[in-house]
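Per TrEMBL, the features are:
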ACT_SITE  H339  active site, proton donor/acceptor
ACT_SITE  C357  active site, nucleophile
COMPBIAS  36-56  compositional bias 'Low complexity'
DOMAIN    259-381  domain 'L,D-TPase catalytic'
REGION    32-77  region 'Disordered'
SIGNAL    1-23  signal peptide
Amino acid sequence: MARFTRAGAVVGALTLVASLALTGCGDEQKKPEFVGGAESSASAAPGTSEPAAPAEPSGPPLTLSPADGTKNKPVSTEISAKLPDGAKVSAVTLTAAGGGAVTGTLRTDGSAWVPSAPLKYGTRYTATVTATGPGGTSSQGTSSFTTMAKPRSTVGSGLYLFDDKSYGVAMPVVTEFHPGIPKKDRAAVQKRMFVRTDPPQPGAWHWVDNGTQAYYRAPEYWKPGTTITVRIALAGVPLSNGRYGDVDRKATAKIGRSFVMKVDNATKKMSVYENGALVRTVPVSLGKKSTPSSSGTMVVMEKKESTVFDTRDDPDPANRYVTEIDFAQRLTWGGEYIHAAPWSEHVQGRQNVSHGCVNVSMANARWLFEKTRIGDPITVKGTERKLAAGNGWTAWSLSWSQFVKGSALPVPEGGSGPAL
């Protein structure tokens, strides 16, 4: 490989589409299509999230946050109350001026009630919270507040996840920010990044060093058949330098069957496992000594049945070429792919001759291309180069104990992200 510089400019609303001409096997490449997720915009809807009307309050009134009469509150505002000892919230209502009821959900730890979508800018709301004590006593509080005007300066966000699509077992939840989130703001942002899995599985967030991306994953690969529901509730979240989060993004996706690829440089073979069973052994040619392949666990990020690798801007003339490529599957931002390489079939399984890619025969490339999904993992071992953090969706290049150290919030034993 020639070089890797991850940063790159993420512009506008973070809806980038990669160029049709790709650079591969050693040169930096633009990102695949950036998926914004479904933007959440409704702020008031019929119905509320509270149970049937509670009994008439019999205890002291509750003190709510926001306090009554507060102005210029962010549209990410959550409702909370100072509770008597032993009491728990039993009902919350939030109503916009004009009578629109806002739906929402209590956080799992009971600390606050979170509206299901951003509130409207410049709107007056009235919140009522009811709590029930151990002896059946009921306390209630009411507060009215007004949200701020729409801010001029925002932080762009995005979500690499398509709604209602199926992914591989190693697909991390990947969110991106531009500009990157400073360390002092990450805990506040992470508190608004919600993930729910069915069946339930522990998980945690991990921030890349410059704050431009955060990954969410479980300790092990997702269970096949898992449904992942994500809400990146960034809209209106106050951040440094007078900026605010741009919009909420949502997606619900499915994890498919288990399809795992393992490449051993010692044998020059790829072992392919489907649902735990070995289904094929594929001869490979990895990167030659001057352009080694990366060792580590990567995931398939993008697939192109037919494309062009163009490395004419490489500083080393020996690494410049323009080649038509079939069945290309991106593994890194730096230009490593699995792809058909008919020119190296005679040495596949015996010698490394590529510029860093995983070369396979035309027949094996077609078979792999037809079998894989975005998010399927491939682990390469035994090469001279270690996979660089952030060079692709590198959530699985760290052990679980290392991964959780990248969280901006404490991670309970076993792991869990903010949940509703």
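In case you wondered, yes, glycine gets a Cβ from its N, Cα and C as well.
Mean model confidence for the domain 'L,D-TPase catalytic' (259-381) is a pLDDT of 95.
Within 10 Å of the C-beta of H339 (active site, proton donor/acceptor) we count 26 further C-beta atoms, all protein chains included.
For the pair the residue listed as 'active site, proton donor/acceptor' and C357 (active site, nucleophile), the C-alpha distance works out to 7 angstrom. DSSP assignment over the domain 'L,D-TPase catalytic' (259-381) gives 16 helix, 58 strand, 49 coil.
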